[in-house]
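To keep things clear, I will list the structure first and then write my remarks on it.
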Amino acid sequence: MRVGVLGARGKVGSAVCRGVEEADGLELVAQVDVGDSIGALDAAGAQVAVDFTHPDAVMGNLQHCIEHGIHAVVGTTGFDDERLQTLRRWLADAPHVGVLVAPNFSIGAILMMRFAVLAAPHFESVEIVELHHPDKVDAPSGTARRTAQLVAAARREAGLPPVPDATTTSLDGARGADVDGIRVHGVRARGLVAHQEVLLGGPGETLTIRHDSLDRVSFVPGVLAGVRAVAGHPGLTVGLESYLGL
Ligand SMILES: NC(=O)C1=CN([C@@H]2O[C@H](COP(=O)(O)OP(=O)(O)OC[C@H]3O[C@@H](n4cnc5c(N)ncnc54)[C@H](OP(=O)(O)O)[C@@H]3O)[C@@H](O)[C@H]2O)C=CC1
Ligand SMILES: O=C(O)C1=N[C@H](C(=O)O)C[C@H](O)C1
């Protein structure tokens, strides 16, 4: 399978390029970064494009891929409902093309989200703390947003009331961002890569579910699994977990 990488000189993109080069049955045919033409994908006959670029760049890249019949595996963050709807509209005109958008490709993070969903109905309180390197441009992280949305849905389904919080006076930001009623806190510090805690609380106990990506190689096996599977999943898929049956 012929693979092109967008954001090829970036922190994750460069790890993905190495992963593709070392993988059986995959051929790295295009490496595109700022200043390069995205047309290099079509010129090289790429069948799948992997995007780890920037929230401001990813939609333009995906429009190009879909129009040129190139499947896409997307790690770049910044996807809200409106962007996902736009992708679905573009894909309706290209029914054979598959696009996978995954907020996190590491297996540990996917399981952390799954465990959080399992635990959510059993605890009165839940908050999320995401911790990242200070070069990250978006907050909260895509993973934290997705976790909060999934946890909120699990709580709703279980008929839980809103998370208790007696705060009536606070400094701006002191209680974090509100994502579907779940508080999400962001930490940025040199030395960190990508980390998240889901803190659940009930009478007399807390449960903390924590995941740490200590190296960006943690994302590569999931990306390669996405690359191998995306052509068999036409249309839009959100989250690698659907491909893994989780
Ligand atoms: N889903 C997941 O598992 C993960 C997702 N991410 C997400 O992936 C994205 C990239 O992260 P990271 O690698 O750390 O960031 P980096 O800034 O290290 O890499 C992004 C690269 O993309 C380049 N770039 C920007 N715009 C374009 C464009 N239009 N075409 C081609 N290349 C472009 C950047 O160039 P320049 O520096 O010159 O702007 C840079 O080289 C972020 O949104 C991040 O949140 C990160 C880790 C895991
Ligand atoms: O920017 C990063 O580094 C990461 N971005 C993704 C996110 O926003 O969730 C995935 C991971 O947390 C690393």
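Numbering starts at 1 and runs along the chain as it is shown here.
Glycine too: its Cβ is placed from the backbone N, Cα and C atoms.
Keep in mind the model is a prediction, meaning the values are calculated, not measured.
Residues or ranges marked as domain 'Dihydrodipicolinate reductase N-terminal' in TrEMBL: 1-105. If you look up TrEMBL, you'll see Gly7, Ala8, Arg9, Gly10, Lys11, Val12, Asp33, Gly75, Thr76, Thr77, Ala102, Pro103, Asn104, Phe105 marked as NAD(+) binding site. Look at TrEMBL and you will find 108-242 tagged as domain 'Dihydrodipicolinate reductase C-terminal'. What TrEMBL lists as active site, proton donor/acceptor is His132. Here TrEMBL flags His133, Gly142, Thr143 as (S)-2,3,4,5-tetrahydrodipicolinate binding site. For Lys136, the entry in TrEMBL reads active site, proton donor.
Long-range Cβ contacts of Ala102 (NAD(+) binding site) within its own chain (separation 6+, distance under 8 Å): Val73, Val74, Gly75, Gly222, Gly226, Val238, Gly239, Leu240. With a cut-off of 6 Å between Cβ and the nearest atom of ligand 1, the recorded positions His132, His133, Thr143 reduce to an empty set. Cα separation, Asp33 (NAD(+) binding site) to Gly142 ((S)-2,3,4,5-tetrahydrodipicolinate binding site), rounded: 22 Å.
For Arg9 (NAD(+) binding site), the same-chain residues lying six or more positions away in sequence with a CB closer than 8 A to its CB are Gln31, Asp33, Val34. Close to Thr143 ((S)-2,3,4,5-tetrahydrodipicolinate binding site), meaning Cα to Cα within 10 A, are none of the recorded positions out of Lys11, Thr76, His132, Lys136.
For ligand 2, none of the binding-site residues lies close by, meaning a CB under 6 A from one of its atoms; the full candidate list was Gly7, Thr76, Ala102. Confidence in the domain 'Dihydrodipicolinate reductase N-terminal' (1-105), given as mean pLDDT, stands at 98. In this structure, the C-alpha atom of Gly142 ((S)-2,3,4,5-tetrahydrodipicolinate binding site) lies 8 angstrom from that of Asn104 (NAD(+) binding site).
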